[in-house]
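Everything on this sheet refers to the single structure shown next.
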Amino acid sequence: MMILGNLRVATLSDGYGLIPDAAILIEGGRIQWVGPEAHLPPSAAPRHDMGGRLCTPALIDCHTHAVFAGTRAAEFEMRLKGASYAEVAAAGGGIVSTVMATRAAGADELLAASLPRIDAMLAGGVGTVEIKSGYGLDIETELRMLRVARRIGELRKVRVRTSFLGAHAVPPDHRGRPDAYLAEVVLPALKVAQDEGLVDAVDGFCEGIAFSPAQIAHLFAQAHKLRLPVKLHAEQLSNLGGAALAARHDALSADHLEYLDAEGVAALAAAGTVAVLLPGAFYALRETQAPPVAALRAAGVPMAVATDLNPGTSPLGALGLAMNMACTLFRLTPEEALAGTTIHAARALGLSDTGRIAPGFRADLAIWEAEHPAELSWRIGPAPLHARLHEGEFV
């Protein structure tokens with residue numbers, strides 16, 4: 001049991017939910033009480049004076065591909081020189097290069113490559129991170145990626161949620177045969193992953209260069225049979241109706257959404273599906289069509305913000321910078337950006353016990369060298385993190 005006193009607390013219970021001169025009582029890894037310190041109930045718990053600093057929920061990065069091997073720096077140089085996607089792929093670049101590097105990496109090597117990325121996230125105030133598979137595209141490597149993700153959660157003070165993304169791309173050994181790939185690799189791997197307790201949700205990529213709506217619908221039907229929630233990369237490069245498809249399957253989230261239309265917005269709103277915005281990919285790909293944030297806002301669709309950390313299209317490991325990008329590129333408000341990396345990000349992962357500072361919630365907290373929560377989106381550069389708590393313990 002402990003008391004954190006002399007705080008400015010952004011509870012995220014109603015907008016920022018700011019409480020000046022606040023205190024938080026923590027017991028058993030959970031928040032027992034929060035409010036003005038003058039009203040703190042009598043307690044013998046030790047008190048930590050936080051010097052008037054800002055406290056928010058620990059941030060949640062709800063969309064990452066943080067487990068992979070290799071880099072795509074050479075491809076980055078090629079693109080800057082004008083190479084097309086096809087030219088990059090012909091030279092051995094693109095997702096296939098990451099798949100080959102990840103397949104070649106053993107579990108220990110993959111873990112060693114991934115931990116520094118996670119450590120950088122934690123230094124930015126992240127307390128929960130979602131990690132996808134999807135760079136194996138064979139049964140063995142997809143499972144290895146998920147096992148490494150689970151291992152990260154054991155080695156670091158961070159809550160890890162895993163998403164099975166076998167339907168990320170069609171690998172070279174199944175080129176032109178996406179249905180066979182789903183039947184021979186994706187669905188068998190998903191069943192093993194579920195049996196081993198390796199997967200928290202099932203994801204897919206619905207796009208002309210990946211999988212069709214019908215193929216994703218088949219995948220989601222199988223996920224539901226396994227009692228697993230679903231989420232979807234949708235409307236990133238074109239509109240195939242992926243967001244509406246996700247909504248019909250009660251998806252936790254639909255992610256990217258640059259080409260989302262009015263029908264898709266309405267479907268997300270009706271289903272309560274979270275729209276996950278990924279400004280890092282928008283920036284890195286130099287896209288020009290932004291997600292319809294004003295329409296999402298007007299429809300009451302909850303909007304989350306994430307890094308989409310991956311080696312090809314968003315080598316971004318700083319959630320604070322993603323918040324700034326969401327504001328400057330997509331015109332979110334700083335309040336929306338913070339909600340998008342706390343309470344709405346939690347919802348995108350199916351979590352109901354984190355993302356706010358309220359009694360009964362996990363005491364996953366971030367203490368910042370800041371006076372107002374808008375500073376977290378305003379800053380560009382190192383995160384002003386003073387301390388982080390994981391389940392009520394300083395880390």
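Cβ coordinates are placed from backbone N, Cα and C, and glycine is handled just like the others.
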Same-site 4-imidazolone-5-propanoate binder from T313, T328, T333, given that Swiss-Prot records R72, Y135, H168, Q236: T313
Per Swiss-Prot, member of H233, H249, H372, H386 binding Zn(2+) alongside H63, H65, D308: H233
Binding-site residues: Q236, N310, T313 - member with fewest neighbouring CB atoms within 10 Å: T313
Farthest-apart CA atoms of Y135, N310, G312, residues recorded for N-formimidoyl-L-glutamate, distance in Å: 11
Of H63, R72, H233 (the binding-site residues), the residue whose Cβ has the fewest other Cβ atoms within 10 Å: R72
